[in-house]
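*Asks:* Supplied in structure tokens, the structure appears directly below.
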Amino acid sequence: MYINYLKDLIGFKSVTPKSDGAIEYINDLLKQHGFKTEIKIFGDSKSEQVTNLYAVFGSNEPNICFVGHVDVVLAGNHELWHNASPFKVSQQDGKIYGRGAVDMKGAIACFLAASLDFIKNNTDFKGSISFLLTSDEEGKAKHGTKEMLQYIYDQGYKINFAIVGEPTCEKEIGDAIKIGRRGSVNFKLNIEGLSGHVAYPHKANNPLPCLIIILNELTNIKLDEGTEFFQRSNLEVTNIEVSNNTSNVIPASTEASFNIRFNNLHSAETLAKQVEEIIKQHCKEYKVDYKLEYSSSAESFIQNPSDKIKEFAKVVEHTLKIKPEFSTSGGTSDARFVKNYCPLVEFGLLSETAHKINEYTKISDLQKLYDVYYNFLMEIL
């Protein structure tokens, strides 16, 4: 059934933060199979409204929750997709093409099939199975999983263990389980000089040489050596702007944006202090003014592998005959919110085609993921 579920889910044009009926489809399906469901819509305005779902079968512990998102990123040029449509499924050579196939409608389809089959085959299991789904993970993530977790806990629900269905595997299904994530902090630096004629530089103060020196130092600084589970923290310049299209004018100001992905040796605040010390030093030397802004959407985190995390890894190894590596690579995810409530793993399909034109998953990979999810429910419940 996971193939049918995936085909149906791909058909919903659920570009962030819209559900476009995807969450309603899952809600109806789970309700038909005895789940207690609730859809909540959060958001400050109509354009920001986010659709969320919590569905649970059973009332006993442990409550094993699948956490995921139905929203997808923009599909780009539709003409470049199979069937010229990212939201119309194309099945070729054992693969299913469509936006969201791996990120992450494929994982949702597999856990739907696994949980419904498990409930059908095990009428007296000891715990509960639940879903927490949102239509805003790829965007601001303000009114999605974070807000929904707080809501369900206020209602008296408790999650004992979560599986976040992000596409975590690198080369084959089962080679990686994420137990943490790097943090992310964005910076915007504005440097104010004094404009003037290029022939009279002594009557002006060009902010660009100062910016170049600063960015050169920042991009070459070694923030750390990494840790057992984390790679080195990394800074990337993402944008440089100079509002000057005239070749004989020294610009008055310039602006640069950069991002740091960081491990658990840092926080956004400590990095901001380190960055500002470098900026302050050079701006003083060049006698220019600066303004530095920063914002962090996620701090880094790492979990010590709990018994349930180890049990999940054993199920992966037993099912797929591959020993998974505990990993923290990749971008941010909603796991950063879930970890405040319960132990978790992130485990899903291959990440190779996520967000790309002609995103696809192999049907054989869907079967492997279904098997892992089903076997874990058998083992833990």
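Quick reminder: no glycine exception, Cβ is built from N, Cα and C everywhere.
Keep in mind it's a predicted model, so treat the numbers as computed, not measured.
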*Asks:* According to Swiss-Prot, HIS69, GLU166 bind Zn(2+) 1; which one of ASP28, ASP103, ASP117, ASP124 is listed for that same site?
*Replies:* ASP103
*Asks:* Check Swiss-Prot: it lists ASP103, HIS355 as binding Zn(2+) 2. Then name which of GLU79, GLU138, GLU325 it lists for that same site.
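*Replies:* Among GLU79, GLU138, GLU325, only GLU138 appears alongside ASP103, HIS355 as Zn(2+) 2-binding in Swiss-Prot.
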*Asks:* Using the alpha carbons only, what distance in Å do you get between ASP71 (active site) and HIS355 (Zn(2+) 2 binding site) once rounded?
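*Replies:* Cα-Cα, rounded: 12 Å.
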*Asks:* Out of GLU137, GLU138, which has the highest number of nearby Cβ atoms, where nearby means within 10 Å of its Cβ, if these are the recorded positions?
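*Replies:* That would be GLU137, with the most Cβ atoms nearby.
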*Asks:* Quick check for the class: what is the C-alpha distance, in angstrom and rounded, between GLU166 (Zn(2+) 1 binding site) and GLU137 (active site, proton acceptor)?
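*Replies:* Between the alpha carbons of GLU166 (Zn(2+) 1 binding site) and GLU137 (active site, proton acceptor) there are 11 Å.
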*Asks:* Could you give the Cα-Cα distance between HIS355 (Zn(2+) 2 binding site) and ASP103 (Zn(2+) 1 binding site), in whole Å?
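*Replies:* Distance between the two Cα atoms comes out at 7 Å.
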*Asks:* Can you grab the distance from GLU137 (active site, proton acceptor) over to HIS69 (Zn(2+) 1 binding site)? Cα atoms, rounded to a whole Å.
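*Replies:* Cα-Cα, rounded: 6 Å.
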*Asks:* Around GLU166 (Zn(2+) 1 binding site), how many other C-beta atoms are within 10 angstroms of its C-beta?
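*Replies:* Within a 10 Å radius of the Cβ of GLU166 (Zn(2+) 1 binding site) lie 27 other Cβ atoms.
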